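Novice: The structure follows.
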Amino acid sequence: MAIANKNIIFVAGLGGIGLDTSREIVKSGPKNLVILDRIENPTAIAELKAINPKVTVTFYPYDVTVPVAETTKLLKTIFAKLKTVDLLINGAGILDDHQIERTIAVNFTGTVNTTTAIMEFWDKRKGGPGGVIANICSVTGFNAIYQVPVYSASKAAALSFTNSLARLAPITGVTAYSINPGITRTPLVHKFNSWLDVEPRVGELLLEHPTQTTLECAQNFVKAIEANQNGAIWQLDLGRLISVEWTKHWDSHI
């Protein structure tokens, strides 16, 4: 899908990968970029507006751990203003296996709840126009970093949820694909806690291996948005965009 003249909501669009992706998105000329984030960053918002003054960039404070009803209320405000929204990017994430409940709440439940809320406006069974969802998951959803099993499991859950959304598109009219970054040089990975402190140096050990920059990841993210392939599992790793073929080991046959 061409980004030009589209209305986009980006949850966590001011984070490490998020901010660089927001920069790349505004360069492509959407009509509106609505950023929902827990922490306001007026400097970053001003920068995004300056990159392309023709794009309307707005910010709303948002914590993905709030109840679905609160998210629906916020989205009602946004939809009333924009009339239509073309793309939702779910990008919230934390990497800290000391915070077990919050890791699951942000990385998985938050994605589910935000998606559930926007269905109120998009679901074609309710007369909605449909839409597109891009969920930022992780390569750890393919193969875990076993020292951070809670984080890895939360991302695997988000990936499975996204795959199901794509299969439900004929019913809901909402398509979906996953964005799965490899190890990217962000503040998230420089220092983080392993589960039960099984490996205090896990962040340092990861950074001893090849990584990618947030800009490389962001540029490939935009390519994935433009490809707009329902059900795609995109691996964004070492500056490359790779379409992953998922191996089916079991089928419900329904």
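Including glycine, each Cβ sits where the backbone N, Cα and C put it.
Okay, so Swiss-Prot annotates it like this:
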BINDING   10-39, Asp63, Lys155  NAD(+) binding site
BINDING   Ser138  substrate binding site
ACT_SITE  Tyr151  active site, proton acceptor
Novice: Per DSSP, to which secondary structure element type does Leu14 (NAD(+) binding site) belong, with helix, strand and coil as the options?
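Specialist: Once the DSSP labels are grouped into three classes, Leu14 (NAD(+) binding site) ends up as coil.
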Novice: Between the Cα atoms of Phe10 (NAD(+) binding site) and Ser138 (substrate binding site), what distance do you get, rounded to the nearest Å?
Specialist: 17
Novice: Check each residue in the chain of Val34 (NAD(+) binding site) that is at least six apart in sequence and keep those whose C-beta is under 8 Å from its C-beta; list them in sequence order.
Specialist: Asn7, Ile8, Ile9, Phe10, Val57, Thr58, Phe59, Tyr60, Ile78, Leu82, Val85
Novice: For the C-alpha pair, I'd like the distance in angstrom between Tyr151 (active site, proton acceptor) and Leu14 (NAD(+) binding site), rounded off.
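Specialist: The separation of the Cα atoms works out to 21 Å.
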Novice: Hey, does DSSP put Ser22 (NAD(+) binding site) in a helix, a strand, or just coil?
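Specialist: Where Ser22 (NAD(+) binding site) sits, the three-state DSSP reduction gives helix.
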Novice: Between the residue listed as 'substrate binding site' and Val26 (NAD(+) binding site), what C-alpha distance do you get in Å?
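Specialist: About 24 Å separates the two Cα atoms.
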